[in-house]
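Everything below concerns the one structure shown next.
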Amino acid sequence: MESLVEELTCPVCLELYEQPVLLPCAHSLCKKCAGDVLAEAARKPPQQAAGQGAAPKQVQCPSCRHEFQLPELGVEGLRRNTTLQNIVDRYREAKNTAAAPKAVPCQMCDLEPPAEAVKTCLVCDTSYCEACLSKYHPMRAGLARHTLTEPSAAAPKVLMCAEHVQEKVTMYCEADGCLICSICKLVGKHKDHEVAALSDTFQRKKDSIGGRVAGLIQQNAEVECFVDKIQGTMTQTQENCAGIKRSVDAFADKLAFAIAKRKSELHTKVEEERNQKLGTLGQQLDQWADTGTGITAAIAEAETLLNEEDPIAFLQASRMVEDRLAAFAHLNERKLKTTDQFTNSTVAVSDLEQKISSLSFLQVPEVPIILTGQCTAGRDYITVSWAAGGNTPVDQYSFWYRKANQSDWQGTFFTSNTSIILKSLEENTAYAAVVAATNAAGNAMSQPVDIKTKRGALQFALCGSSESMVITNKCMSATYSKDVRSTYNGRHNQEFNEGVVTTNVVIDKGRHYWEVNVQGSSDFGLGVAVTRHPRSESDRNVRRPRPRGYVV
């Protein structure tokens, strides 16, 4: 309990806090003590640096010696520490409850001593006895809204106006967001501002803060989930890193094993060449060593003969010595049958070293580029060509297409080439094409490109023309002959009048013309009609529906 009293004691007056206010350093002082500290600081002359104006007056906290700027409104500019005040009040109540109960005197009685109070008005900040309560504070009219409590000698929890210290705050200024009194609204700076009742503002602010708290609770749950996701991603990142390092180690070990194996093979190959060279040189050595021994013996024998002084003995032995010397007169060319240089002496590692130096992780392929200038189209096909977007290896290409006015892609084609031919397409139709480059690291997709098939060549139709029309020139010419019947027996249609010929494709837009030769004809007619026009002048009803288009 003593430690609690120390926490509730003002460091200036050494008494329990009375209306404590908060300093910027978070320490508290009684409102009266804070006023004394600020007043003392205000009386001190301001400090002035060389070449500068007067610095703002500073106030030092009695507890921590922290300096802060003197508030413009003095002690009224400091925020009230209501939490600490409530703790002090509860401590006092607990202390008073433990002690002998003390009656609260009526503050309106003229009697001496005053009668015992029965109620305390929190609005009037006054305690009343039974007689004075009915006389001075009847619960009707405006007094009916006042709050009466059990009589208490504790200091009332009423906040006074910062500008008019004798007035209680009674309303809330919406413009400045602060508590004001009635005088502030009548003649003060808040007279033209919109104000609200404390109870209304209290409930509105409470609901607003409650809503924000609810929203923050939801956001906090989402933040916690996101924090868990981050932590999970961090853990997975560590695991992925360890896995990749294991893969790198395994690859390096495999590469080292392959290099060691190849090293052994190269050593064996060099040793085989060495043994071959040493064998050849050994044979040559033995041969020439024997020759050298023979020459040495012949020289020694000749020198012995030369030392002979007896002519008969000399001549008798000279024939044999001459034969031996003659045997070495014409020796083979002294040339090595092999050299000390090895055929396999230099390891071709330039490319290997470069590849090992540039060894890295496989990247996702660059976006392929469709080469519109190299794409072609026919009546029922299109050829799409593309190029890789860079030097990253590509395992295969995936290709999709669709009609330009549709949203769903048709068919998937896989190829290692950089071009593809799409067949059996509709003529005069725009198609969208897209290609993706794929490898083990992922894929990259190109932008869609539109390619349109060509319109079909206009030709005269063999089937559906009158029998008096002769179709020639690869169906590009039609000749009317009343005396000549069509050579395409069975292909004509009896529903047509003479001189009618149809085309094989629909003409639905554009400008078209025909060359007509009427030489030798004095009376003729020529026209173009839609297919729904009657084909027989004697029959105005269409016998059966035909495709949209024109007939000549």
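For all residues, glycine too, the Cβ spot is worked out from N, Cα and C.
Small disclaimer: the values here were computed from a predicted structure and weren't measured.
The domain 'RING-type' feature in TrEMBL is assigned to 10-65. Look at TrEMBL and you will find 156-198 tagged as domain 'B box-type'. Residues or ranges marked as domain 'Fibronectin type-III' by TrEMBL: 364-456. Annotation comment: TrEMBL describes 438-552 as domain 'B30.2/SPRY'. Annotation comment: TrEMBL describes 532-552 as region 'Disordered'. According to TrEMBL, the compositional bias 'Basic residues' annotation covers 543-552.
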Inset, instruction - Take the domain 'B box-type' (156-198) and average the pLDDT across it for me. - result: 83
Inset, instruction - Could you break down the residues of the domain 'B box-type' (156-198) into DSSP helix, strand and coil, giving a count for each? - result: 6 helix, 11 strand, 26 coil
Inset, instruction - Mind tallying the domain 'Fibronectin type-III' (364-456) by DSSP state, helix then strand then coil? - result: 3 helix, 46 strand, 44 coil
